[in-house]
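Now, the feature entries from TrEMBL:
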type	residues	note
ACT_SITE	Asp173	active site, proton acceptor
BINDING	Glu32, His33, Thr34, Asp35, Tyr223	substrate binding site
BINDING	Ser66, Gly123, Ala124, Ser125, Leu126, Ser127, Ser128, Ser129	ATP binding site
BINDING	Ser129, Glu161	Mg(2+) binding site
DOMAIN	92-180	domain 'GHMP kinase N-terminal'
DOMAIN	285-364	domain 'GHMP kinase C-terminal'
Amino acid sequence: MLQAMHEKFETLFGVEAEVSAFAPGRINLIGEHTDYNGGYVFPAAIELGTYGLATKRDDRKIQLYSNNFEENGIVTFTLDDLVFNQEDDWANYPKGVVKYLTETFNEIDQGFNILVEGNIPNGASLSSSASIEILTGWLLKDLFDLRLERLQLIKIGQLVENKFMGVNSGIMDQFIIGMGKANHAILLDTATLEFEYVPAKFGDYVISIMNTNKRRSLTESKYNDRRAECESALAALKKELNIGALGELTLARFNQNKHLIKDEVSRRRAKHAVSENERTKLARKVLAEDDFEQFGKLLNMSHASLKEDYEVTGIELDTLAETAQQVNGVLGARMTGAGFAGCAIALVHKDSIKQLEHEVSQAYLEKIGYAPSFYHVAISGGVTSL
Ligand code: GLA
C-alpha cells in the first residue's frame with residue numbers, strides 16, 4: 001500500500017514525500033461511555049488504521065488528499081484560514097489538528113501536502129477520526145521537528161473533537177491510538193490519566209470484530225445528549241455528595257443515593273456509567289487470572305447495560321451481540337465504541353470462528369436485510385513513523 005501511496009503522492013503534488021507515518025484504529029474491550037465520567041476504559045489499538053505521507057511546501061498553502069474520499073479531490077486552505085468548513089468534510093479533522101498545533105508551535109511557518117489512506121471502515125466505531133487526528137499531528141511533528149509529547153498530541157486530538165467538530169467525546173480513542181502497544185490493551189483511569197499495559201491474551205480465545213455495516217447518522221447529537229444526561233445526574237448527586245465525577249462512585253454508594261436524581265432517564269444513564277466502571281475494573285482483574293469465562297460474562301452485562309440503561313445500541317448492534325452470545329464457543333459479546341451503529345466484538349474460541357460468522361450472518365441477514373462483516377486483527381502499537 002505504501003509504495004502505491006508514494007507514487008500517488010508524486011502524481012498529486014509533483015514532489016516526493018519527506019515523512020510517513022501510521023496511526024491505528026481501536027476497539028474497546030469494555031468500559032463504554034465511562035471516559036467522560038472519570039471512569040476506567042480498557043481499549044486496544046488494532047492493525048487497521050490510517051497511513052499518511054507528507055512534505056513541506058514553500059508557501060503557506062495546505063493541501064490534503066485522501067484515497068478514501070477521492071470525490072473530495074485535493075482539499076486546499078492556508079495556514080491563515082484554519083476554521084471549520086462543512087465542505088471540507090473529512091479534512092476538517094486534520095485541519096483542526098493543524099489549528100491547535102500552530103497555536104503552540106511557531107515552527108509550523110510554511111504549508112505542506114498530506115496524502116492519507118485508511119483501511120479502517122469509516123463510521124464503524126473503530127475510531128477512524130481519532131486515527132487521522134493523531135496521524136496528522138505525528139506527520140507534522142516529524143516534518144517540522146516539533147518537540148511534541150504523545151500526551152500533548154492526544155489532548156490536541158480530543159480538543160479537535162470537542163471544540164472544532166463539536167463532539168464532546170472523552171479521551172479514550174486518542175489515548176489508545178497515541179499510546180497503544182502491540183499485543184496489549186490499556187487500562188486507563190480517565191480521572192488521573194494513569195494507565196497500565198495489560199497483555200491482551202485470551203488463551204484459546206480471540207476477539208472477533210463484527211461490523212453492522214450500518215452508516216451512522218445523528219450519532220454526534222445523541223452522543224452529546226448522553227454526556228449532558230450524565231452531567232445532570234452528577235449535578236443532582238452533588239447536592240448531597242462530595243464527588244467530582246460519576247466514576248468516583250461504587251455501585252453500592254450510587255444505589256444508596258440514586259433517589260437524588262429525580263429524572264428517571266438521567267438516573268439510568270448514571271447507573272450505566274457507574275456499573276460499567278465497576279465491570280471494567282473487574283474485567284482487568286479476571287483477565288489477569290485467565291478467567292475468560294468471567295470476562296465474557298462482563299462483556300454480556302456491558303452490552304445489556306448499554307442497551308437498557310444507556311440506550312445506545314439499536315437493533316443492528318443488538319442482533320450482532322445477542323446472536324453471538326448464543327453461539328457455542330462464544331464467551332461473551334458487546335457493542336464497542338460510541339454505539340448506535342458501527343461494530344460489536346465477541347470473545348470466541350479459535351475453533352468456533354467460522355460457526356460464529358455463519359450463525360451471526362444468517363440471523364443478521366434475516367432480521368436486518370443485509371450482511372454484516374467480520375474482522376480478525378492483531379492488537380497493534382500506537383502511532384508510529386514509518
Ligand atoms: C466514542 C468517544 C470516546 C468514548 C466512546 C464511548 O468513541 O470518542 O471518547 O466516549 O465513544 O465509550
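Even glycines carry a Cβ here, placed using N, Cα and C.
Screening the binding-site residues Gly123, Leu126, Ser129 for a C-beta under 6 A from any atom of ligand 1 leaves none. For Ser127 (ATP binding site), the same-chain residues lying six or more positions away in sequence with a CB closer than 8 A to its CB are Gly25, Arg26, Ile120, Asp173, Ile176, Ile177, Gly337.
Counting Cβ atoms from all protein chains shown, Gly123 (ATP binding site) has 18 others lying within 10 Å of its own Cβ. Between the two most distant C-alpha atoms of the annotated substrate binders (Glu32, His33, Thr34, Asp35, Tyr223) there are 13 Å. Here Ser128 (ATP binding site) is compared against the binding-site residues Glu32, Thr34, Asp35, Glu161, Tyr223, and the shortest C-alpha distance is to Glu161. For the domain 'GHMP kinase N-terminal' (92-180), the predicted model reports an average pLDDT of 97. Put plainly, the binding-site residues Ala124, Leu126 were compared by Cβ crowding within 10 Å, and the winner is Leu126. Among the binding-site residues listed here, namely Gly123, Ala124, Ser125, Ser125 has its C-alpha nearest to that of Thr34 (substrate binding site).
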